[in-house]
Amino acid sequence: MPFGNTHNQAKLKYSSEQEYPDLSKHNNYMAKILTPAMYERLRTKETPSGFTLDDVIQTGVDNPGHPFIMTVGCVAGDEETYEVFKELLDPVIEDRHGGYKPTDKHKTDLNPDNLKGGDDLDPKYVLSSRVRTGRSIRGFCLPPHCSRGERRAVEKLSVEALAALSGDLKGKYYALKNMTEAEQQQLIDDHFLFDKPVSPLLLASGMARDWPDARGIWHNDNKTFLVWVNEEDHLRVISMQKGGKMKEVFTRFCTGLTKIETLFRDRGHAFMWNEHLGYVLTCPSNLGTGLRAGVHVKLPNMSKHAKFEEILTKLRLQKRGTGGVDTAAVGGVFDISNADRLGFSEVDLVQMVVDGVKLLVEMEKRLEKGQPIDNLIPAQK
Amino acid sequence: MASSFTRILSSKRNVGILSLVGGSVAAGFLLHREHVTAGEPLRRRYPASAEYPDLRKHNNCMASNLTPAIYAKLCDKATPNGYTIDQAIQTGVDNPGHPFIKTVGLVAGDEESYEVFADLLDPVIKERHNGYDPRVMKHPTDLNATKIQSGVFDERYVLSSRVRTGRSIRGLSLPPACTRAERREVERVVVDALSGLKGDLAGKYYSLTLMTEQEQQQLIDDHFLFDKPVSPLLTCAGMARDWPDARGIWHNNEKTFLIWINEEDHTRVISMEKGGNMKRVFERFCRGLKEVERLIQERGWEFMWNERLGYILTCPSNLGTGLRAGVHVKLPRLGKDPRFSKILDNLRLQKRGTGGVDTAAVGGVFDISNLDRLGQSEVQLVQTVIDGVNYLIECEKRLEKGQDIKVPAPLKQFNH
């Protein structure tokens, strides 16, 4: 998977030049890094499960990109993709993750006690707090490449592990193909339901095959801890609640993740992780922590300030609309989250969000009173 | 070949497999399942029953015919190019279908797909082509336009006439499976051949990657330009990969003969003109097709064809002639008559809106064309359209005068 690349051997009868994609109109990391010589060296390779170079880059070939936003343009089909195709992926990772070198080591820190503060973001401004990441189960191919049998096995394992969670993490699984109308409506109302991907970035990589087979949503009874199964990654893990108590959200996130990891290990499975890339996920942009910690925060004045973007960049934060990536901000409410994923630990990133959002709210309050904020503008983190 | 499989077997991943695959797996999953035809052994870690798609909500020809037993038999086979049954059926798994319209739900990745996966394709073909049994029947090819009787319609009713088909270049994989180099080779072979057309067929090629803004606008105005497929039926089959690389449009200077390259098929060939001279449209169609065939043969290529299935195309629905001959015809009264559908059925015609398949009729103007593709020749199908459309026009005229109309007796489908 995806199509047309079933067998790499058949393709080798054509020269590398004849097969090389036309990337003249492209603007993504893959197109920036791939050269004909590199293509020639890598096209004879395959991961043990049969994922090929063309499989890695198909999404980047099919989606030339946006003139202003740099998409990654490649995906992994399994854990070994990052090894076998490192000649392409290491520079892509380096470029995408702010200079992270092939020899760098990534630090994992899921101890919420290491987070300073974060329990007092002003709820008049910070409407909700959320932390998400992804996890892949070692030994199984990733969404672009997995067979139906594998995807179902991932679902089965995940559901069994999640069923063993207890206390405030106790919950229930809703398979996409079995849920009732009522369940579906409830999940929509709770903003939990994910839909079949429509983005051509995802579709072109084959992640939506066989929808909705083996896809589902698990959440705890309190509706504060949520796991998506077999959407863009094997698992997406989300901790969220209304208000500004990011520390609580992060604590539940860490506790939940650690428990889930233990439950998988008890059943003989590990998450894909290594000390260079951290947690391994489908998209190279989500390597390392795979973590996006964010808030929905009211910044109507701040967002109109000429230095808003600059300040966000200095704080290593990014803004999105409240519908998520590629949406617009509504009513001056922004989704503010960490820009980094790799090269910083989970605690580091959440700390940046907590400190950064606190500062932004300070600035917002000043601007409300017509006061200047220049002396608050931070140095580059 | 053996080395990549031993790599799979020795991979540390396999340690985990035993513990997680339950049910009836036993020791079967690690076995070396060989291909029936050339090509490397597939990676298969689960038994066929664990891989069998969930088709309970599906309504397409693939879902109706793919039993677990057939799937189990085919799931470890591949064509010499490496195309598999999972790839062939992916579009049908991803698109459950419409409760009222039954889609085919599978595609061929190459000519050999129709042989290697015959256990599924033969019953699908039989169902889709109204009982044509590829195991025992032969398909007649006839591109002799002189055999057509009448074929010039009343232009007060028929606004335009069109005949289309597709042709595939033998030896190159089809759009769902082709590599970039293969697709570029198709383009090269066809464009090279087309440059040899002369007289009223002389024309020019417009590559999708190279055309200018002006050329693009002209092609849009002429209604010639095709766009990247958006239908999930096509995108799920992988036909839109690498767009717009090696795709283009060729047309003659008179704009009556048009060829699409590397859209849903290697080539789609279209003859058309305003008005009701279907005979001339078909004559040009046959002449153009034969000339293109001669030109590619000069260069050592040929079209995919066999006597069981006729011309081989990507979608099983287009086998045989791959031919759709149709008119845009004004039938405002007949179009509202409750017997319209039955009349069309019996005449072996189908209606579409004037935007093509899946569109609505505007201002009482219908696109009327042949229902059948396989089991009857080109000449037979075009004659069916001519006779049928003449009948429909007669009905419309009678309704205009307040006279009654009759539902005709159903036509025989094909000679067994």
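Cβ from N, Cα, C; glycine included.
Over in TrEMBL, the protein carries these features:
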{"type": "DOMAIN", "residues": "B:43-130", "note": "domain 'Phosphagen kinase N-terminal'"}
{"type": "DOMAIN", "residues": "B:157-399", "note": "domain 'Phosphagen kinase C-terminal'"}
{"type": "BINDING", "residues": "B:160-164, B:His223, B:Arg268, B:324-328, B:352-357", "note": "ATP binding site"}
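B:Val163 (ATP binding site) counts 27 other C-beta atoms within 10 Å of its own C-beta, drawing on all protein chains shown.
In terms of local Cβ density within 10 Å, B:Arg268 ranks first among the binding-site residues B:Arg268, B:Arg352.
In sequence order, B:Met272, B:Glu273, B:Lys274, B:Gly275, B:Val327, B:His328 are the residues near B:Ser160 (ATP binding site), counting only same-chain partners six or more apart with C-beta under 8 A.
There are 25 other CB atoms within 10 A of the CB of B:Gly326 (ATP binding site), with all protein chains counted.
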